[in-house]
C-alpha cells in the first residue's frame, strides 16, 4: 500500500510492476523495464517513488505518478530478492542471492556500502522504524541485525532448521 492507503503496488513474475486503486481495485498503470521476475516492490514514505528488485539483478527506482524509471542500480551479482526504503526515504536497502545486503543513496543512485556475513542467499531485509538498524533473513538459516550507519553486524540469531524467508521489526523497533 502507498502510505496514504490509496494505491497498491505489485510485482510479478511477468516482469511488470502494477499500480492499483485501493478502493476500486482497478489497475492505474503498468511499469515495464525489468527483463525478469520482480520479487519485491515498495512505495517511498512520501508516496512519490516506487522501488523494485528483480531476478534481472537490478533495482529500479520509478516515479509513482508518471511511471517513468528514474534510476537503475546494478551492483548485485544475482537475483535481488528484497528492497525497502529507509523511513526518511533517503536510502534503499537491498538483499540478494549474491549473499550481500547493499545500501544505496536515493538521490544519487550510488551504493553507500555492502554488508557481508551471510553464507547463503539473503531473502528478506528491512530497516528499523528509526532507520538505524537493518534486519536480514537468509537461506543460511540465520537472522542478522546490522548497524545501518557503520554496516557492522550487531547480532546473529540462530535456531531455524531451514531458510529464513521473511523478517520484520515490531512497530516500536524493539523486537524482530
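Backbone N, Cα and C atoms are what each Cβ position is placed from, and that goes for glycine too.
Away from its own ends, the repeat 'WD' (1-30) comes close to residues 36-43, 45-47, 50, 52, 54, 56, 62, 64, 67 of its chain (Cβ-Cβ under 8 Å, at least six residues beyond either end). Look at TrEMBL and you will find 1-30 (among others) tagged as repeat 'WD'.
Taken from TrEMBL, the feature domain 'EML-like second beta-propeller' applies to 2-156.
Here the repeat 'WD' (31-72) has Cβ contacts under 8 Å with residues 1-4, 7, 9-19, 78-85, 87-89, 92, 94, 96, 104, 106, 109 of the same chain, all six or more residues outside its ends. The repeat 'WD' annotation in TrEMBL covers 31-72 (among others).
Per-residue pLDDT, averaged over the repeat 'WD' (73-114), rounds to 97. The repeat 'WD' annotation in TrEMBL covers 73-114 (among others).
TrEMBL lists 115-156 (among others) with the feature repeat 'WD'. Within its own chain, the repeat 'WD' (115-156) has Cβ neighbours under 8 Å at 78, 81-88, 91, 93-97, 99-103, 162-169, 171-173, 176, counting only residues six or more beyond its boundaries.
Annotation source TrEMBL lists repeat 'WD' at 157-176 (among others).
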Outside the repeat 'WD' (73-114), six or more residues from its ends: residues with CB under 8 Å to it: 39-46, 49, 51-55, 57-61, 120-127, 129-131, 134, 136, 138, 146, 148, 151
